[in-house]
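Asker: So TrEMBL lists the following for this protein:
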BINDING   102, 103, 104, 107, 187, 188, 189  UDP-N-acetyl-alpha-D-galactosamine binding site
BINDING   187, 189  Mn(2+) binding site
ACT_SITE  277  active site, nucleophile
């Protein structure tokens with residue numbers, strides 16, 4: 001590690017127009033060197049040096065929680081990242097984000113997103129709804145846009161899940177992939193409460209479920225019906241389908257595979273236990289995410305918050321469960 005740091009320092013002294021690009025593989029204590037770097041994309045002398053390290057993560061600062069997966073993907077908690085360095089890194093790369101959300105009928109989600117989601121980066125909200133007239137008008141900040149897309153209305157969860165995955169995939173293919181590097185997909189019944197920033201960006205991003213992150217695996221509610229394509233006897237973690245994201249190609253692969261499996265279940269007259277969430281967990285078991293968001297990125301206030309130093313988003317758990325119960329009736 002010391003040799004790597006010395007090499008980076010010497011390289012930047014010789015040529016300040018070097019941007020060091022850090023991948024998701026976790027190597028510690030390199031973040032101070034990022035301040036040495038400048039990046040001028042129009043300068044022909046500027047070049048990119050790639051090093052497999054997460055430059056702005058400080059995992060030793062949170063020994064109280066799990067900060068790495070067995071496959072060495074970082075788990076993002078308050079205190080383990082430098083927000084300034086993270087933002088500057090992505091601003092220099094001109095990172096851009098498409099946010100997808102379904103059935104917006106009130107201000108809360110979008111207004112709170114304007115206050116907290118990916119500030120400083122270019123963001124477009126893709127709002128899918130069966131009633132476009134009910135989408136509230138919103139004054140957007142610089143580099144922020146919104147596009148409302150009408151979709152059909154469904155009442156059963158299996159049909160809703162298929163529509164959601166199909167719509168995201170089609171929109172990525174037709175629009176998002178041409179303009180955005182990253183996609184984040186959200187359930188609407190949530191409210192941003194704190195920074196949800198560039199530290200969350202990664203190749204493939206999953207969210208640890210607030211109700212299960214500190215429970216033993218045998219308590220995870222995987223679909224254990226062998227007839228379902230979502231069947232899992234065991235897994236790594238239990239992921240929450242309220243948020244998932246990553247680079248557009250990876251999100252499209254996720255939605256395509258989940259859609260295919262949901263459709264096959266429907267043909268076989270099978271419905272996964274927790275619908276798209278069950279299929280999402282199966283996908284991330286087979287295709288490991290490169291970054292995990294801690295439960296502070298989607299917290300339930302009814303839970304004891306001993307590990308939660310900041311609530312970045314609140315989840316409307318009661319409403320979500322009501323919808324599930326109604327559609328399972």
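A Cβ is built for glycine as well, from the same backbone N, Cα and C atoms used for every other residue.
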Asker: To the nearest whole angstrom, what is the C-alpha distance linking the residue listed as 'active site, nucleophile' and residue 187 (UDP-N-acetyl-alpha-D-galactosamine binding site)?
Answerer: 12
Asker: Name, in the order they occur in the sequence, the residues of the same chain whose CB lies under 8 A from the CB of residue 102 (UDP-N-acetyl-alpha-D-galactosamine binding site) and which sit 6 or more residues away.
Answerer: 127, 128, 129, 151, 164, 167, 187, 188
Asker: According to DSSP, which of helix, strand or coil covers residue 102 (UDP-N-acetyl-alpha-D-galactosamine binding site)?
Answerer: strand
Asker: What three-state secondary structure does DSSP assign to residue 277 (active site, nucleophile)?
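Answerer: Once the DSSP labels are grouped into three classes, residue 277 (active site, nucleophile) ends up as helix.
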Asker: Please classify the secondary structure at residue 189 (UDP-N-acetyl-alpha-D-galactosamine binding site) using three-state DSSP.
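Answerer: In three-state terms, residue 189 (UDP-N-acetyl-alpha-D-galactosamine binding site) counts as coil.
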Asker: Would you identify which of the recorded positions 187, 277 has the most other C-beta atoms lying within 10 angstroms of its C-beta?
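Answerer: Its Cβ has the most other Cβ atoms within 10 Å: 277.
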Asker: Near the Cβ of residue 107 (UDP-N-acetyl-alpha-D-galactosamine binding site), how many other Cβ atoms are there if near means within 10 Å?
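Answerer: If we count other Cβ atoms within 10 Å of residue 107 (UDP-N-acetyl-alpha-D-galactosamine binding site), we arrive at 12.
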Asker: Within 10 Å of the Cβ of residue 189 (UDP-N-acetyl-alpha-D-galactosamine binding site), how many other Cβ atoms are there?
Answerer: 18
Asker: Under 8 Å between C-beta atoms and at least six apart in sequence, can you list the same-chain neighbours of residue 103 (UDP-N-acetyl-alpha-D-galactosamine binding site), or say none if there are none?
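Answerer: Long-range Cβ contacts: 128, 129, 130, 188.
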Asker: Using DSSP reduced to three states, classify residue 107 (UDP-N-acetyl-alpha-D-galactosamine binding site) as helix, strand or coil.
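Answerer: Reduced to three states, the DSSP call for residue 107 (UDP-N-acetyl-alpha-D-galactosamine binding site) is coil.
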